[in-house]
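> Have a look at the structure that comes next, please.
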Amino acid sequence: DFLCISLANGFTQLRYNLGDKTIILQALQKVRANGNTWHLLKAGRAGNEGYLDLDGITVTQKASPGMNMLDTHTDFFVGGVSSLNLVNSMATENEPIGFTGCIRELVINNRELKLTATDPKGGANVGDCDGTVCGYSVCKNSGTCQVENSGFSCSCPQEWTGTTCEQSVHCSQNMCGSQALCIPQPSSFSYTCVCALGWSGKYCDSKITFYIAKFVGNSYIKYTDSYYGKRDLQYSRISLNFTTNQTEGLIAWMGKSEDEDNDFLAIGISNGTLKVVVNLGERISVPLMQGKYLTCCDQRWHFVTVVQNQTCIKVYLDEELILFEDIDPQRKYTALNYGGICYFGGFEIGRKVNVVTTGLFQKEFTGKIKDVVLFQDSKKIQLMNAEGYNVYDGNSGN
């Protein structure tokens, strides 16, 4: 399998093979090879249907029945390869040669890859394209970079300040306390403080402890399982109590959630119903729903347990077995490689639930969670000892 973007006779091409046939897409217009014109290229595939967009003009390849997974196990190369024999003979029209030119703003699956001297795994014969200390995107938030004798300076829009325009003017004199995040509110010429786990108050200056975690919608807890290396990942289990008055929300996500290849087990509310989704490999997400139980958003406490026994999934709600399904009788993947990471209520600030879960869940959780137990552990996990923001003491009130 391969996916390759290349220049051929002055045209950009996307070529990919998912295991059965090579698909070739070529842009309609030639690239301006004058050395000072930037082009915006977007290319990719959904299943076996491909698209190639150069400067806003798109060509697509309609899908026909066939393979729909890209199964590659090599490094990801930009601008060339470490050895030409890595390149499939069908991946380029002519003999493969390295790219000469400039590349910037490289985004793969919604994540920008940093094209710096230190971030990539390796490389050779690559230099700074801009040739000045300004480089690419030194000044943030639409700031303008000027080269100075001593380096550079940024001219910032009126809403931003700092040496690289990285700080909102509304947050420049903020009073947010320990580890809190300052979120600018330009419409009111003010800011709000988002409190780290264990803090509350307008300025996050009040220390709190809790055993019941209260999520307010822009909240998350990221828990690292210290026993991950000793777990038998073919037999996973998670149980917890939750209460909510919302009909949508992500309650728990066992998995790294860094990219679409990561395994996961997720619990949430969708359309007022408990929804469990399991992915043990090859990006095949299996949603399990039980439409009969529409009691999840009644503000009562509910006890949910999900048990994974290889490919067999059992879901208990209030100690009643509501789902029992074998998601892959062929037993191709049987382990939940969740990386020792569990999210509760949502993901890091700025990461939208519907984007990270590719629409499996629509929004962050609003409600309370307590008594979380992983596998057959004798103790509940200490949510207070994790990373998180905007989570409060659920003991106060009901």
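Glycine is no exception: its Cβ is also placed from the backbone N, Cα and C atoms.
Just lifted these from TrEMBL, have a look:
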- 1-129: domain 'Laminin G' (DOMAIN)
- Cys102-Cys129: disulfide bond (DISULFID)
- 130-166: domain 'EGF-like' (DOMAIN)
- Cys156-Cys165: disulfide bond (DISULFID)
- 167-205: domain 'EGF-like' (DOMAIN)
- Cys176-Cys193: disulfide bond (DISULFID)
- Cys195-Cys204: disulfide bond (DISULFID)
- 210-398: domain 'Laminin G' (DOMAIN)
> Roughly how many Å lie between the Cα atoms of Cys195 (disulfide bond) and Cys176 (disulfide bond), rounded to a whole value?
8
> Round to the nearest Å and give the CA-to-CA distance linking Cys176 (disulfide bond) with Cys129 (disulfide bond).
39
> When a 10 Å sphere is centred on the Cβ of Cys102 (disulfide bond), how many other Cβ atoms does it contain?
15
> Run through the Cβ atoms and count how many others sit within 10 Å of the one on Cys129 (disulfide bond).
12
> Summarise the domain 'EGF-like' (130-166) as counts of helix, strand and coil residues per DSSP.
0 helix, 12 strand, 25 coil
> Around Cys165 (disulfide bond), which residues of its chain at least 6 apart sit with Cβ under 8 Å of its Cβ?
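When sequence neighbours closer than 6 are ignored, Cys165 (disulfide bond) has Cys139, Lys140, Asn141, Ser142, Gly143, Cys154, Cys156, Pro157 within Cβ distance under 8 Å.
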> Near Cys204 (disulfide bond), which residues of its own chain have a C-beta under 8 A away, given they sit six or more steps off in sequence?
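The list for Cys204 (disulfide bond) reads Cys176, Gly177, Ser178, Gln179, Ala180, Cys193, Val194, Cys195, Ala196, given in order along the sequence.
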> Note down the number of other Cβ atoms within 10 Å of the Cβ of Cys195 (disulfide bond), including every protein chain shown.
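The answer is 26.
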